[in-house]
Amino acid sequence: MKNEKLQFKIQNFKKIKEELPRIQKNIPLAKYTTFRIGGPAKYFFEAKTKEDLIEAIRFAQSKGLPFFVLGGGSNLLVDDKGFNGLVIKMKNERCKVQNKNSKFKIIIAEAGVILSDLVELSLKNNLTGLEWAAGIPGATLGGTIHNNAGAFKISIADIVKTVEVFDTADSKIRNLDVKKCNFGYKQTIFKQQKNLIILSCIIQLKKSTKEAVKEQINYVLNYREKNHPMNFFSAGCIFENPLKIRAAELIQKCGLKGKKIGDAQISEKHANFIVNLGSASSKDVLELINLAKEKVKDKFGIELKKEIQVINT
């Protein structure tokens, strides 16, 4: 009986591969996240172009299969049990620089482009506006836009002109100008409407000098090295900052800096980071998250809101 079931699963997977040839099965997700935490994806597919991405989404929809689009794996905690569906890993990384006028250039980039590569591209072309993103590990352009990530009082919204999306509700491609993206602090239309999958975007950067851009990049890198736990695996900041006070300050005032559960630790360097000391589980991290939320709520009456996304079965 067991052999019959196994044979059925093998034959079933062969049929799946006929429809989506590069699909893989039971791929561990930990190595695809900056936390280095996470169980296996039942199915896994690398989308090398935006056309691949659309094809994989349509395949999942046709099978009634849950799917998740994975960027660089930052800002993310994957459950130890993995994901019982299709994980679509974005590898669509085409981009090009074009002149707009005497003051600005535009970069047309697909969602899978790694943010640090865009920073390097901006330096190469003497363009300012992306220096704040230097040193952010793993982040893709698509994920950055989805979360409206930023730093130093600047966010990706400040340079986005238009975003190309695939609407899974009607299978159509649309272009949204910046006003329609509903950008706010850690908020976007893409968080509100899960049916909108980012394919590519156009960003606008101001012309500058290589020396000025490099100086600002070095400042940002030095700041992160000094203030963030760059030598440990983490997902970035765990919580959004409440109004008027930083989440890290609240957590630190609760005496939680350095607190460990299992192999997960609230960073001794920055209390809004949880780091993986080597073999942390998603359970360890979630327990630390809940502990921080509980202590801050009890001491200050403030409800911390998670910035990271938790993916489970």
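Placement of Cβ uses the backbone N, Cα and C atoms for every residue, glycine included.
Automatic, uncurated: that is what TrEMBL annotation is.
Quick look at what TrEMBL annotates:
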DOMAIN    36-208  domain 'FAD-binding PCMH-type'
ACT_SITE  Cys237  active site, proton donor
ACT_SITE  Glu307  active site
Practice problem: According to DSSP, folded down to helix, strand and coil, what is the residue listed as 'active site, proton donor'? | Solution: strand
Quiz item: Including all protein chains displayed, how many Cβ atoms other than that of Glu307 (active site) lie within 10 Å of its Cβ?
Solution: 18
Practice problem: Compute the average pLDDT of the predicted model within the domain 'FAD-binding PCMH-type' (36-208). | Solution: 95
Quiz prompt | Distant-in-sequence Cβ neighbours of the residue listed as 'active site, proton donor', under 8 Å, six or more positions away | solution = Ala247, Asn272, Phe273, Glu307, Ile308
